[in-house]
Amino acid sequence: MDPRSDQPSLSGLRDDDAVRNIAVATDFPPDSQTHPIRGGTSSSSGRYGHRKSSLALTPEEEPLDSCPRLVSDLKFPNLLPPNPAIKILIAFCKNDPVFEALGNASHRLNLEPTFVKSAEAAIEAFQSPNTGGHHIVIVDARYPKTIEAEALGRSIRNSKGSQHTTMVAVVKKSVFEKDDTAVISLLDVGYNRCIIESPHVSICSSELRQIQHSLVRPQNVISTQQALYTALHRSREAVIITDDTLRAQYANRASERVLNMKMDEIVGRSLSDLVTADISNILSHTSRYKDYDGYLTTRRKSQESSQIHVRAVPVSCIGRNPTHLVLILESSSSALVSSNAIGEALQTLPQGKEVPRGSLHSIRRGSFDVRSIASDGLRRTSLAKLSSLPLEAPITKVLSLLAQVQENCSLEEAKLLDRVMEFLKREGLYSPQMKEIRTEDPVATDLIGALLTQGPTNILSSRRSSNDSIIRGGGRPSTGSIVFTKTKESSLLSDLLQTALDWDFEIFKLEDLTEKRPLVCLGLELFRRFDVYNTFNCDEMTFKLWLIEMEKYYHSENTYHNSTHAADVMQATAVYLQQLSNRELKIMDRMDEATALIAAATHDIDHPGRSSAFLCNSDNMLALLYNDICVLESHHAATTFRLTLGDDKINIFKHLDRDMYKLARSIIVDMILATEMTRHFEHLAKFVSVFGTDVESKDPLPPDSDDNQILVRRMLIKCADVSNPTRPLKFCVEWARRIAEEYFMQTDEEKRKNLPIVMPMFDRTTCSISKSQIGFIEYIIHDMMDAWNSFIEMPEIIRYMEFNYSQWKLFEEQGINTLSDIKRKQISLTEEAASSISLEEKF
């Protein structure tokens, strides 16, 4: 009879060898009398302290304060383990009497059973995020041809979250009597216990109760200890736990800072290897259950010795004598002061994993992880392996130089250099990180999040967005004759093109005069002004046919990403190039200027009117082709060269030699890809890190300036691509209306097709366009244009940006935020501009 139950235990049915085989499966034998929480012992009557019976009440029924706490509880408090309702998974291939008995026993003990009839169903039920997480799994191991218990046991043990699950195998009585190898093999694959089949509910209840007390409850206690280890690991105090001979068994992260060693260099070593003082005094104190309080001198790795304060507390885990010592290490007062000073000095720096996020101030300060300065300050001064490699990169040189400086600097400076070197070794040094956006501004959150990320989720997108499928059917109307007839015959068009390099160029007037095909007219004018024809050694007619073909692949039904946007970006690019030329910054030669204009003209060619995220979510062929990575920009670059090289009549590269063609192609592709907004902060941070805000006029770049030229070209087309907020207000408002309409159309289609909604706040019935523009200027445009203006000295872009920003805030205050509101505002702005022109003509 089991001393805790008035019912016979199945253990009594087994011989001594079988019982021993079962006992090896757990650290808590079935007849264990140890209370899993208080650590008290039971009397022969089944009492735990003053508790009447461990079986009379379930943990749910018994109040926690039903008995006084033990003295040991007060000295060594325990963490209360979780006490959920116990869930049991029963996998039986047939509903025989044994199955019925186990089911009835589960209900009798108020367990929550789940019944399955196959191994596949058992794995699915256990791994289910909603119904899984079972505390006990019982598998019928009597019929291996139906349920292969060993394979099922391995599968469950390999499942996430199974380390604290109790697994039980039901076997035939003959297995215990004749073949103990079968039991051992089940235990070896992960089962905690094997029980004999029984059709009696009382026997099954007794077995389940023993499993609950001897296995499930102790596992709950063990699982709870992870919270304690997490607390220790994050603690700022250095803690080392040793055995009774002072050999380290555990060390937290803060101990790395005090001893200046890696964790794996501390664990397993004797304290005598870590300090220079005699440790026998610690052992003599703690062996008598006395705490030790004193000072030791550490052998700090690669540094001078340091004195630390040590408190040692003896702990007895088994028996009466101390089995472990908890050592709490504290630096000397002077070291603590220095450490605190370093911590305070670094608190102004961004937290871990943050990198330059677009703010010029944060970029110039630098970005280092000081979140764990108290725990991660390891000196890694040896770069021998890195230096011995048969290659050398600029970052390798930097790390080597920092290592040399580190050898001859103070401890405080070495810690700072440690953090610098840690970040320099990481990938994605300039990876984009979104600024924190006000929670009361969900529209801005949607917009900026969509701009900076892309991929197949409901919050990802790229800057572009709009109307239709990427594959278009039917032919596109030829516009060559219409456009060029207007170019020759219209004096209005000729007069307008005279202002092609003015920042307030009337792009929408050009759109009207050319019947929504402005790219050819403006392109030919800009190519002429920047002598692109001679640079490419190609006639004007070839360029004309090329522009006509490129414009055909811009979809006029897109409200934003059409050829007017391409012409606008091309015009902004030309203005920037002219400004760079006026400042005599010798950074862009004629080939750079020509390729920049070509890249601007085609940077959004064949845009589908939908964002990259939409294409990924809808399994569009382009997303599949480009593996969900830089989908639209890759398509724009590829389409440019596919069309150009596919027809000799429009091949503007045909007279370039091979080297010049490769150079032109690399520049154009790189500039088009730079318009991908997911890498916005990366490009901005690199630009600022090289050029800052103090660029001397007429100062040539250094001879090795190829990388610098790349940065400038990328920044140039990026600023041109999103120059709308830096244009006069009437243009800024019209572009905002157009991009909002495209986002609305995408959201409409996502709702129709039941696709993930990339930007839920961009609903045409609820969205505030004013808020979206305020957020766009604040988090994307402001810092970028500040940096660009400091480089090219073009103050008008800052004046327009600041004025437009104030106007958008005023519109929001006035309730001008819906699409219809913006349309009416745009009409009034156009009328005001027209009246001011007529007044000027009168006088």
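Keep in mind that glycine also has a Cβ here, set from the backbone N, Cα and C atoms.
According to TrEMBL, the active site, proton donor annotation covers His561. Cβ neighbour count for His561 (active site, proton donor) (all protein chains, 10 Å cutoff from its Cβ): 27.
Taking all protein chains in view, 25 other C-beta atoms sit within 10 angstroms of the C-beta of His565 (AMP binding site). Positions annotated as AMP binding site by TrEMBL: His561, Asn562, Ser563, Thr564, His565, Asp604, Asp721, Gln773.
Residues annotated as Zn(2+) 1 binding site in TrEMBL: His565, His603, Asp604, Asp721. Just so you know, the Cβ of Asp604 (AMP binding site) picks up 27 other Cβ atoms within 10 Å once every protein chain is counted.
The feature Zn(2+) 2 binding site is assigned by TrEMBL to Asp604.
Annotation source TrEMBL lists compositional bias 'Polar residues' at 1-10.
As annotated by TrEMBL, compositional bias 'Low complexity' applies to 38-47.
Here TrEMBL flags 224-278 as domain 'PAS'.
For 485-815, the entry in TrEMBL reads domain 'PDEase'. Across the residues of the domain 'PDEase' (485-815), the predicted structure has a mean pLDDT of 90.
Feature annotation from TrEMBL assigns region 'Disordered' to 1-61.
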Distance from His561 (active site, proton donor) back to Asp604 (AMP binding site), taken between C-alpha atoms, in Å: 7
Under 8 Å by Cβ from His603 (Zn(2+) 1 binding site), counting only residues of that chain that are 6 or more apart: Ala566, Val569, Glu633, His636, Met671, Ile672, Thr675, Ile717, Asp721
His561 (active site, proton donor) to Gln773 (AMP binding site) - Cα separation in whole Å: 17
